[in-house]
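Per TrEMBL, these features apply:
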- 7-27: transmembrane segment (TRANSMEM)
- 33-52: transmembrane segment (TRANSMEM)
- 64-85: transmembrane segment (TRANSMEM)
- 105-133: transmembrane segment (TRANSMEM)
- 145-162: transmembrane segment (TRANSMEM)
- 214-232: transmembrane segment (TRANSMEM)
- 238-259: transmembrane segment (TRANSMEM)
- 280-300: transmembrane segment (TRANSMEM)
- 338-359: transmembrane segment (TRANSMEM)
- 379-397: transmembrane segment (TRANSMEM)
- 409-431: transmembrane segment (TRANSMEM)
- 499-521: transmembrane segment (TRANSMEM)
Amino acid sequence: MDMHLSLATWLLAFTPIAVLILGILMLKWEAAKVGAVTWLIATVIALLFFGADGRLLALANSKGLSLALYVILIIWGAVFLYNIAEQAGAIKVISNKMVGISDDSMIQCLLFAWCFAPVLQGLAGFGIPVAVVAPIMVMMGFEPLIAVAACLIGHSWSISFGSMGSSYNSIQLVTGIPGEIIGPWMAVIFSIAIFATGFGVAHIYGGWAAVKKALGPVFTTGVAMSFSLWFMNICDMAQLSTLIAGMCGCLVMILWAFAKKRRPAHEIASVQVETETTMGFHTACSPYYALIMISVILQIKPVKAALANFNWGLTYPRAQTTLGYVIEGVEKYSKIQWFSHPAPILFVSALIGIIIYLWRAKADKGMIKAAVENTVKKCIPMSVGIMTMVMMALVMSDFGMTNLIAQGVAAALGGLYPLAAPFIGVLGSFITGSNTNSNIMFGILQMETAMLIGKSSVLMAAVQSVGGSLGVSMAPSTIMIGSANVGLSGQENTVMGKTIKYCLINAALVGLFVFILDLLVPI
């Protein structure tokens, strides 16, 4: 029989998560180390108390590695593509183009922190938007604290669908909810987050007076970004939705900027990002044009149908623990499509970028080696952390530990659970610094809790990822990246104090929206 719910058994099931929180927040362990320790603890608890044996543990960990591989391939591809563009000088060219658009500092703040940073999130993510945009804003005259806080809050709506959808893929993989179902609902919920983060950036910039002044720009730009995010999802191109939504936001905000008096040329030049390249703007964007074109071509029905059978995935049998907890079988778990998975699209786009940068921009051939080295340096520890955390999550799920935690949460909160659901996602990202890891840790918990209390599992899984996205704005690891790049090293607590209230307010607004949505719309 299944483990009976009691305070003792609930605390036992929760132990790996408690150790994860302790390890990251208090002991300051790296993700790879804390992931390995918590995986080992979850394994021991499963063996001693939850009816595991060697065969079932092997199956659970194999599923964990399969799921991790799907996500890790996306991360390596996204980071490599960004590093190629960065080493070639393309990111500086794109940034320079953005700098000279407006002389209205509020429009500049919204444009860079709320629209342009999400474009970079769509391309790479993993702290890169804050690391790139915040220093540019400081050079433009913004105070370092305002620059980094605005970037952290402003781009926090864009993370789930960013990095070619790595977090979006993780939530659908761990919950088993197809992307074409969960994606559009995530986009609907993100509409609240988009407007909330826009007004949050305005408030960070200049208080309530700036919020009042920003009503027009935030409303029109928010509508454009919300619609494009949703539209890309219903067109089954979720992996591009952050990029396209951010670009649409930049376009609308630029139209607002053109309504203002443009800054004199000599003033624009004084704040440009330093670069020695003669690369043109469209040359700089060429691998991203390729990324969009390839993704669109692969969504054409005859092309999609022709490539559908080229895939890989392991099949797992139905099993049962010695306590009677049933582990459902699954065919081709975490299936990887050879041609339409984001990773090959990213690597092909990077190859196209390399060819064009070498041919048109006469880039240094050494950029390839530098890009590879930087990618390996950044991605190896991240990959180890993801693998161990995913294995921990699958061990907890397969042996009923997550289900037991969900039973306790359901009993405590009941019908009010949707109000709290975003904060679970926020907590996961605060602990791990990653929307992807938050989804892996808590995605199954959210779904199982929803089913226990009779709420929509689709909505609760969707709001998990939305909350995880918002939570990155107050994650210590992300704050450290932003602070270090604007000269605020050692003042991370000040930055967190600036962002935490906006993050929690945004999560509360999302929770209220989902609570009402769940009551009104049968899903």
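Along the chain as shown, residues are numbered 1 onward.
Glycine is treated like the rest: Cβ placed from N, Cα and C.
Automatic prediction, not curation, is the source of TrEMBL annotations.
Note that the structure is a prediction, hence the values are computed from the model and not measured.
Sequence-distant contacts of the transmembrane segment (145-162) (same chain, at least 6 residues past either end, Cβ-Cβ under 8 Å): 109-110, 112-115, 117-118, 120-122, 125, 129-130, 133-135, 137-138, 168, 171, 186-187, 190, 193-194, 196-198, 200-201, 204-205, 225, 229, 233, 238-239, 241-243, 245-246, 435, 465-466, 468-474, 478-479, 482-483, 485-486, 488, 491, 494-495, 498-499, 502-503, 506.
In this chain, the transmembrane segment (105-133) lies out of contact with the transmembrane segment (338-359); the count of Cβ pairs under 8 Å, excluding pairs fewer than 6 apart in sequence, is fewer than 3. Sequence-distant contacts of the transmembrane segment (499-521) (same chain, at least 6 residues past either end, Cβ-Cβ under 8 Å): 149, 152-153, 156, 188-189, 192-193, 196-197, 200, 203-204, 416, 418-423, 425-426, 455-456, 459-460, 463, 466-467, 470-471, 473-474, 479. Segment contact holds for the transmembrane segment (64-85) and the transmembrane segment (105-133), given three or more CB pairs below 8 angstroms at sequence separation of 6 or more.
Distant neighbours of the transmembrane segment (379-397): 13, 16, 20, 30-32, 34-36, 38-39, 42-43, 46, 52, 57, 60-61, 63-65, 67-68, 71-72, 75-76, 79, 126, 174, 403, 432, 434, 436-437, 440-441, 444; these residues of the same chain sit at least 6 beyond its ends, with a Cβ under 8 Å from one of its Cβ atoms. A Cβ distance under 8 Å defines the sequence-distant neighbours of the transmembrane segment (7-27), meaning residues of its chain 6+ beyond its ends; these are 33-35, 37-39, 41-42, 45, 49-50, 389, 392, 396, 400-402, 404-405, 407-408, 431-432, 441, 476.
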